[in-house]
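Notes follow once the structure below has been shown.
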Amino acid sequence: MKRLDLTRAPLEGSCLIEASAGTGKTYTIAGLYLRLILEAQLPVERILVVTYTKAATAELRERLRARLVSVRQLLEREEAGEIPAELRKGLSDPLRAARLLSRALLDFDRAAVFTIHGFCQRVLQESAFESTRPFELEMTPDPGELIQAVVDDYWRHEVQAQSPGFIDFLQSAGISPDALASRVSGWLNKPYMEVRGPYDGMDYKEIEDKFNVEYGVVCALWERQRQTITETLHSAAGLNGKIYRKASMEGWFRSMDAYLSQGESAWFEKFDRFTSGKLADSRNKGREAPQHPFFDHCGSLLELRERLRSAYRDRLQRLTAGLIRFADAQLALRKDQAGVQSYDDMLLNLERALDAPGGERLAAVLRGRYAAALIDEFQDTDPVQYGIFRRIYADAQCPCYFVGDPKQAIYSFRGADIFAYLRAARGARNRFTLDVNWRSA
């Protein structure tokens, strides 16, 4: 990978710049922007600049404008020698350069600096015929209410049909309709993602039946022989006193009372102290562990509980996968019926339009409108976003620069997709790096 030389960076084809924090990323973008104005003589409305948040867009817009102002001021003072080397190629004719910069500043309110969603919204509005999308779709910036309504329907029809034990498990895990909506919202509207449940998920009902039988046996033994069991533990001289402290036992006995009368809501961590396995592992050398059928059944109950909870987790994963598929279909249907779309819908709609028959015509229209593109914070992209720019610019001579930090492409919680970044790297005609950290230099 080559170090980027702004004076020689090509103004054609697809290029990737890997830029870590502090390496002059914004300075480089502004330098390319100026070269496109001065060398390619592009007006600001034909240079597409995209970043990923409104705040970043506003800041980048101001930085670009400030760079135009500073270079024009140097020209006006006839101090071209102070102009950075990467810009001098476009200043062979200072009068023309000043004219181009003045025009750019005069027209800067029309500069095509957008968020990714803002760009897609504008394209779909201005190219409704080419994109085959309706002219007027009401925006729903936050589809949260729609998502919650779909999740509530799914909960009523699918989740509430499960066993009481599974419902108790969900409650103990903090899984409610609201929590489930929050859990899946980040996975919706992503057609590139394959949704799978567990490959060999267990059927919890058979395990649940065995658990319930064993729970009943333990309850009966405790009810009939509680005093015998507690005295057996109190008098067990062969147990490790650090594990089986007599001062702790009364609390364990009360916890067992609660668990066997209230069920899973009263589960306690020290239950294993009543199992034959734990008792055997905790005996002093050469001593016998206390014996009682209750301890054997507690061991069986604990094993079944662990198996059952594993099966419950599998079922939750399968239900979650089913919810994602259900919600994607239902949300698309309900939004179409209501005549609304979300910001993510705009991205999908534009990608589909570019991928459909006639999509190349739309791509050509967009290349005609935006003859160059600078895509900032590209590490935050996903396959849909990359697919849009690839379809517009990949096979064209128009300059398209993707600028990002690959070390941050692992942050999927921000929407990043490392595989989208790697595909862009493979597809770039040129790859460059900014490898000097000016913050620490």
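Glycine is treated like the rest: Cβ placed from N, Cα and C.
Quick look at what TrEMBL lists:
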- A19, S20, A21, G22, T23, G24, K25, T26: ATP binding site (BINDING)
- 1-441: domain 'UvrD-like helicase ATP-binding' (DOMAIN)
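This prediction places the mean pLDDT of the domain 'UvrD-like helicase ATP-binding' (1-441) at 88. Non-local contacts of A19 (ATP binding site) by the CB criterion (under 8 A, 6+ apart in sequence, same chain) comprise K25, T28, V403, G404, D405, T433, L434. Sequence-distant contacts (6 or more apart, same chain, Cβ under 8 Å) of T26 (ATP binding site) comprise L60, R63. Of the listed binding-site residues, namely G22, G24, the sparsest CB environment within 10 A is found at G22. Between the binding-site residues S20, T23, the minimum number of other C-beta atoms within 10 Å of a residue's C-beta occurs at S20. In the shown protein chains, 19 other C-beta atoms lie within 10 A of the C-beta of K25 (ATP binding site).
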